[in-house]
Amino acid sequence: MDELVTTQSFTATVTGSPRIGPRRELKRATEGYWAKRTSRSELESVASTLRRDMWSDLAAAGLDSVPVNTFSYYDQMLDTAFMLGALPARVAQVSDDLDQYFALARGNNDIKPLEMTKWFDTNYHYLVPEIEPATTFSLNPGKILGELKEALEQRIPSRPVIIGPVTFLLLSKGINGGGAPIQRLEELVGIYCTLLSLLAENGARWVQFDEPALVTDLSPDAPALAEAVYTALGSVSKRPAIYVATYFGNPGASLAGLARTPIEAIGVDFVCGADTSVAAVPELAGKTLVAGIVDGRNIWRTDLESALSKLATLLGSAATVAVSTSCSTLHVPYSLEPETDLDDNLRSWLAFGAEKVAEVVVLARALRDGRDAVADEIAASNAAVASRRSDPRLHNGQVRARIDSIVASGTHRGDAAQRRTSQDARLHLPPLPTTTIGSYPQTSAIRKARAALQDAEIDEAEYISRMKKEVADAIKLQEQLGLDVLVHGEPERNDMVQYFAEQLGGFFATQNGWVQSYGSRCVRPPILYGDVSRPHPMTIEWITYAQSLTDKPVKGMLTGPVTILAWSFVRDDQPLADTANQVALAIRDETVDLQSAGIAIIQVDEPALRELLPLRRADQDEYLCWAVKAFRLATSGVADSTQIHTHLCYSEFGEVIGAIADLDADVTSIEAARSHMEVLDDLNAVGFANSIGPGVYDIHSPRVPSTDEIAKSLRAALKAIPMQRLWVNPDCGLKTRSVDEVSASLQNMVAAARQVRAGA
């Protein structure tokens, strides 16, 4: 390397930052653009304001290196694909670049979107780039250079952030005989080398490459590949200083390999997996070690005393130790400031995004100026830790005793074949029964009624009356369409986790704790802070009302224990398995009550089963064991004649196929539309013998599938699953779609089922 732009290190930073806006401004702007209510210039203005405000806030808080290029209209993997020219041919017909971008993200009537799956073990979803033999990489640096220019004009100490080449290719999908995308690595490295020079020419002093794939077992060659890549990038003649960020786990052998390259800084996650043994890596001498010591994924306040002790063991192991969050704060809400309903004790235990930035700055100051410089902050932290440990709300002896008793007596149901016979005699369903996953469109009338209730413009009785009308409308629509098994549509539910959290002991639901799940989809994860209990039934009134309107079976709809954990901010003071069992006990009681009320089918959704799977294979069996046990605890209290359904969505199912079978649900519905039914062969390989409903169309896209298209998917599914075990359903709930889209799609789905059923 001939010339480095700068060698001056930084001391306090974050790995990345959210982009939806503190009041979900980006969600409203993008959805307005999609609906043609907002112009492109208006959308870009909102985006620019959000970026500038975020950079300004981070710099003002005391960070001396601020990440840029973390903003995205939809997803950072899609942004990277655009930057690298890795676009499928099917969008070439779209002339406008932004419309091309959203076509790949969401699809339209002519273009299928990219497949979507979970970002490692988080609840964020990314779009999977497609790499085929015809893919020709070409650099399109307009976005990253434009945002760097904006930030530098604002005098922000800017550090562009880019998904690294190893992670980008390992997370991409080879299509049309293209082989594994990682085989194109050498070709892609040349593009990144060119980008480094451009960033240096445009004023970047540091650049961050995100390589979270290095904490996984995605490829045994990853450590060697990463070392080769960053040796090449570090040798670029004129470039910014390079910081490679690993997060979500322990980089293992990749750490020493990276340290042997010419790069200047390496980030390690000390919250999820890594420990202070990295201090024993001699190759770190001369590097900046960016210590991810403040949890970027959960909302608990950092124990500053403990964090400083960990940091102390790192001093001397590297030329410089900088303090950072463990990962991007994309995964936590913006700030505690809007949460006016928090009691003082609970508030003192928490740190959202803004508070985590403050913790980073405090810890960096302690390293620079000594502990006495932050004595007040350490005292406040110690008081919060003591308050949380002693709070009586954290423990419920009765709940723990009941779990022990039920587990001791067994959580297995009867033989699956005998259950099927009993359920068939009760339900009298046709072959290829049609159903939906649960939720129906959240119409403007539903949202207005919920807002009116929150603002005290209507009372609870009026709200219930309006929601019952929505239930009646959903039942009527399903009967008109000819569906075989109905749902009540969930109009009363704001979210499939928050709805239950608001009724369970041990949870707190935030007012404004929004985080991005994918695109414009935002969720408000509740805070699970203590032992979980169910004070009263949660769904009986709604499901029994819906069942009273029809002779067809209506499914009871519940969220499973693993998903409730995955989509909440969960206590970190006891094993996840213990907390899962507490949630499972509450769900078990609800299933028993539903059965007693005459409900014949109960669905316990576990869309997040894959999400919590540890990234290293050595740790996965233990997780899958307790996850399956929790589901069985939740579902084994009902009779054999009661049919248990479950639903799993956007995941790489291969790694959890055995666990899906072990759940022993009578009917399992899964996402399969974007992945072209590939999961069915995996299920057959593990001897899956229960009924299955592979999603026959993608609800995350506005396009309406044709009858022939759905029939083709069903015929493909029948090659793997016999007709007597195959169900017909969309791949997920319909909450985010319009009534017109839903009606047209379901009409075609029912027609396709009848066509295939008749042998046409």
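Note: Cβ is positioned from N, Cα and C throughout, glycine not excepted.
Some features that Swiss-Prot has for this protein:
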type	residues	note
BINDING	Arg24, Glu25, Leu26, Lys27, Lys118, Arg521, Cys522, Trp567, Glu611	5-methyltetrahydropteroyltri-L-glutamate binding site
BINDING	Ile437, Gly438, Ser439, Glu490, Asp605	L-methionine binding site
BINDING	Ile437, Gly438, Ser439, Glu490, Asp605	L-homocysteine binding site
BINDING	His647, Cys649, Glu671, Cys732	Zn(2+) binding site
ACT_SITE	His700	active site, proton donor
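Of all the binding-site residues in the record (Leu26, Cys522, Glu611), the one with the smallest CA separation from Asp605 (L-methionine binding site) is Glu611. Annotation for Arg24 (5-methyltetrahydropteroyltri-L-glutamate binding site): spatial neighbours Trp514, Cys522, criterion Cβ-Cβ under 8 Å with sequence separation of six or more.
Distance from the CA of Cys649 (Zn(2+) binding site) to the CA of Ser439 (L-methionine binding site) is 14 Å. The shortest Cα-Cα distance from Leu26 (5-methyltetrahydropteroyltri-L-glutamate binding site) to any of the binding-site residues (Ile437, His647, Cys649) is found for Cys649. Ranking the recorded positions Ile437, His700, Cys732 by the distance of their Cα atoms from the Cα of Glu611 (5-methyltetrahydropteroyltri-L-glutamate binding site) places Cys732 first. Contacts of the residue listed as 'active site, proton donor' defined by a Cβ separation under 8 A and a same-chain sequence distance of 6+ are given as Arg106, Gly107, Pro113, Met116, Tyr518, Cys732, Thr736, in order along the sequence. Ranked by CA distance from Ile437 (L-methionine binding site), the binding-site residues Lys118, His647, Cys649 have His647 at the top as the closest. Summarising the L-methionine site geometry, the residues cited as binding it (Ile437, Gly438, Ser439, Glu490, Asp605) extend over a maximum Cα to Cα distance of 14 Å. Around Cys522 (5-methyltetrahydropteroyltri-L-glutamate binding site), taking its Cβ as the centre, 16 other Cβ atoms fall within 10 Å, counting all chains. Cα to Cα, Gly438 (L-methionine binding site) and Lys118 (5-methyltetrahydropteroyltri-L-glutamate binding site) are separated by 21 Å.
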